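Accompanying notes for the structure given below.
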Amino acid sequence: MATPSEPSPTKTSFDFSLHSHDTALAVIPPQSLWASLNRIRSLYDAASHKWPPHVNLLYPFCPPSSLPAASQILSSILSTRQPSPSPLNITLSQPGHFPRRNESVCFLTSGNPSHIQAVKDLVNDLAKGFEERGIEGKRRPFEMHLTMGQASGEVKGKEWENLMGKLALSPEVNFTVEELAILKREDGRMRLWGTVDVHTGELTVLESSKGFDQHILGETEEQEKGYRDGLMSGKTVYWDEEMQIWTVSQDDDYDYEDDDDEEGAGRDSLTVASYNVLAEFEYPQKQDRYPLLVRNILDGKADADVLVLQEVTDGFLSFLLEDEGIKDRYPYCSHGPPSQTDMEPLPNFLNMVVLSKIAFDWESVSFQRKHKGALVAKLRHVGNWQGDEFKPVVLAAVHLSHGLTDGAVASKKGDIKRLVGYLEEKYEGCPWVVAGDFNITTSPEAVQAALEKKNISDLTAKQLRGLDAIFNDANFVDAWEVTSEGKEGGATWDPTVNGVAVALSGGNVWPQRYDRILVRGEGFFKVKEFNMFGLERDRAGDAAEESFASDHWGIRSVLNIGQFVFDEPEKAEEENREPANSLVVPVHLERAPKSLSGAGSIKAGLCELNVIPGEEEAAKRKEAFELLKTRLLDATTNTPAAARLQSAVIVVPVGSYALGVWTTSSDIDVCCIGPFSSNTFFSIASSCLRKAAPQGIRILRRVRANTGTMLELEVQGIRMDLQYCPAAAVADQWPDVLRLPAKDPVWSLAPQTLNKLKAIRDIDYLRRSLPDLSAFRLAHRFIKTWAKSRGIYSARFGYLSGIQIAILLARVQKLLAKSSPSVEDLIASFFTHYSTFPFATSLAFDPTFHIPTPQYTRSYREPLAILGYFPPSLNTASAATLPSVLTLSKEFSLAASSLPTSSSWSSFLTPLITTFLTSFKTYIKLDLSYWGLSSQKGAQFLGWFESRCAILLVDIGRKCPGLHARIYPARFVESSDLVTDDNDTSYRGCYLIGLDKISPSTPKLDLSAALAALQAVLPRFETQICSDGKYFNPQNRWMSASLTNQKDLGHLVLDTRTWGESNPGEEESESETDSDEEVKEEEEAEEELIEEAYEAAKRRKRALKKEKKESKGKKQHVVVIREGKFRTALDVMNRIRWDASMDSGDFVVGYEDRFLGAQEKELDDWKTEQTDEEFIPQHRILYFRRKSDNKVVWDRKKRVDEVFGPSGE
């Protein structure tokens, strides 16, 4: 770097002029913008391999030998230039062109006059500074532009229209200029020689000039192909139903129909289709055929899991992706709509596009001609397991070179070899599908005619016949040949029938089978069916006659997964029959009544109730979540601990927001996964979130709940609950870890850790396995709204929760998948099915996941079993009670019987609160009062009390079998108590439980006995609540349980305040956590103890080895009686771990969990570091048990120690 003093501005000081084309002074955009620019430049700009994306300021510039002097002048000019009050911004958003010889140079320029003027002023100041020093140059009018390509031929011609159209569709390029680049030509390419700061004039000269990535384009063929492959590859986009836009798919997005079980369990087939849609070659391009093409694509004969399109233009793709049917059927697409402002145009004039129901990633494989290539899609979650390695299905979309000439055939051969070689190198062992327009001539007459016309040589004709051999050698089978049974023909381009093909035939009048689907199943799938589509005529636009939509027919093939085509129909039918499972309660399709069956009526009803969030609300929540995510990632990434651990923190939504079923009243649950301990994470998170208060982030409280520490937040007005899960291995492999089977070692975690991950894993599976996610979301929102209106949506009180509704709905939708029910029919089937479901005796589970049957044994204490997906706890309805299950059954029956009489879905949602206070003659009234100084403590008390109400309901169910007790899951207050006072921290309210006969036939005597038993149940519940010293303080809390007649209820109304809506748990302050010094001291003390045990263990190992060598006997476990010192749990643990005669893997630790009671854990998994989330204090250890003989070898309470013996030695 050099910053010399300013040279004297005399005309004799310098001996050069600005006429050299070997150097340039330019503005180079930030490298993060290069990819989108170079995708166009590499195809259309002949100089793309010589220049980076740039805006020239002075070109031609000085001779290369004069760069040192010229750079000093530049530095001097800029350092003395009047500083601008605003940054130098450049916006490139407008296409432009200027003529050059027989072509047009097409470029991007700015549509902002102030930006253009600022750059012009800079160029004028630079040119004037050189002139004042006597250095001459070409002073031509400056036109700011970034060259994107050249279009040969006349203006408004085909090439010009294509390129200018793409530039008009290109996303806006914005950047701030901080430095100017000095470029020098070496070996024909411009390289970076140095930079100069545009504000200060500070000069930086590189020790040696630096090249740019695109220089590879001029190197070897393999290097050039590798660069093009990476450059032309892109990100899959998906239809975001909430935001109503196409957006880039991230790695943790999911597909609509898929399972991650081995061998494709849950998915019995994969359907692939291909269609050449025929581009419009004239300008302006007409859209007359577009509706016909879309109709063909949406036709049932074309329905596929993955659809490959060829000859797609920017205009057609924009039209296609605006269609509602396309969005519903194919939510994933390789390219976004070019008409959407944040999406790029398609790179070529004729493009391949992949649409899919299944999430996929894709990459480009370049061919010999730069506008040709293959699009290789890797289906994220469909494939085969080979040992512990997942082999995804790989689909290559192709559109080979057109024509029957020596050059075209040679090009096809080279491209096929390139593709097959690429697949073999990168995806060996994966199932392959290659689909598209192969443009391989199959008509012998056409080949003979080409030979006679000397269009091809005999050698070329031989090569043409050998193209199929390349695929055969790679073990591909042709889907049409497999299913044609020796039939001839199979033409997909047929001018004898298709008039559109005739118009484009160019004298080729013979039918050809250009389009193909080739399969290499690798034992994962085989061809089952093949058909064509797009064979219907219709009028295109104002045309007088009907015609076909394209010159090609579409093709489609169904590939069976794990169940192959049989010769005997009876055997095929037997194999295809679903396995009988006696535990699965069958579901039957129930059509919605006529008054409720109108398409869209569900959505209209929910919109009327303001349940479905609008675009503005969705955008607000997305912005709030991204803000929280950004703040947490910034905080956790920039810590010394993060650098030491070299592991990232993952921030993911869970609950209703993650599943896409949230409503306007929903909170957002967020879980972070990372390598830190919980104390470390929450310390970092709390600190950074407090600093983010100006951005609208507020910490409401920190809670120690059953699931661990939690932060209750408010982010830009949105309530969020933040949890943390310390699992470094899971974070390191995210999101691919979600595809690993449950038996993978990465999931060998403590129950508490698995419990935090369970919600993420369950929702991940649901999103990937549902037949129709859009219908599911709409139905889930409706059922949740119904449950709330009927007072049965509250997991605390043993009623339904969001995940339970999801499981119940998912099993109905999956079991009815073959019927493809509408949303209205799905909901009608849901209520009808569960109105008769035997909850008392049957498990409710997803039969596509729990194969062949659930690994779950229901206990007599579980009146309801709704099984989730992943461990540790399968039953999601553990809080259910006999009274709550009876309430659910009655409500399902009432809903099913109300369907035929409801005039609309809105009227179906009749709120229970309008009748609850008058539906029962007798109620249990649970009165609560709080008069403490802290409203948060009062809210905590109410939340805790609600979680204890299940105890009362369980007791009523057992002791009062003749009663049906229905609790309303909300508080009631006197209307006068609803008057709010911000300074009032006291509270008074009640909960009501309606009492009724368990059935109309219950004898009066049994009812009297039940009421008598209830007189003993209520005082016992009062005692349980009032004796809890942690949550109940009689100095500021009061509670009473009593029987009340309906007429004595008074004027009760629902409490609409937010009291008690916080998470139940003990409020935690940061001062309650151990200080760093305390933790460090304890760790050092424990390390010293372990070190002593380790040294003693080594001595014992040497002695035991010697003893074993002499005796050559087997290990013997001796039962001893305590006589000396009773050894501590830590002593026993260290002995088992370090004693060579003991196998630590044969022992488990019994310990007392604060919430779950007595639990067991593998000794090898026991954590001794206090900073670990899974750390459990030694005083909670109850016993050590040997697994091989189920013997307890150490017991704290019984004072048994068979590890150290009687003397404790």
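First residue shown is number 1, and so on along the chain.
In case you wondered, yes, glycine gets a Cβ from its N, Cα and C as well.
What TrEMBL records for 1064-1088 is compositional bias 'Acidic residues'.
According to TrEMBL, the domain 'Endonuclease/exonuclease/phosphatase' annotation covers 273-529.
The domain 'Polymerase nucleotidyl transferase' feature in TrEMBL is assigned to 651-679. Mean pLDDT across the domain 'Polymerase nucleotidyl transferase' (651-679) comes to 89 in this model.
If you look up TrEMBL, you'll see 776-844 marked as domain 'Poly(A) polymerase central'.
If you look up TrEMBL, you'll see 1126-1196 marked as domain 'MJ1316 RNA cyclic group end recognition'.
Among the features that TrEMBL reports, region 'Disordered' is placed at 1056-1088.
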Non-local residues, at least 6 beyond the ends, that sit with Cβ under 8 Å of the domain 'Polymerase nucleotidyl transferase' (651-679): 241-242, 252, 610-613, 617, 621, 624-625, 628-629, 632-633, 636, 641-642, 645, 685, 708-709, 718-728, 730-731, 734, 756-757, 759-760, 763, 766-767, 773, 776-777, 780-781, 784-785, 802, 806, 1073-1074, 1079, 1171-1173
Composition by DSSP (helix, strand, coil) of residues within the domain 'Polymerase nucleotidyl transferase' (651-679): 7 helix, 11 strand, 11 coil
Composition by DSSP (helix, strand, coil) of residues within the domain 'Poly(A) polymerase central' (776-844): 47 helix, 3 strand, 19 coil
The domain 'MJ1316 RNA cyclic group end recognition' (1126-1196), counted residue by residue under DSSP: helix, strand, coil: 19 helix, 24 strand, 28 coil
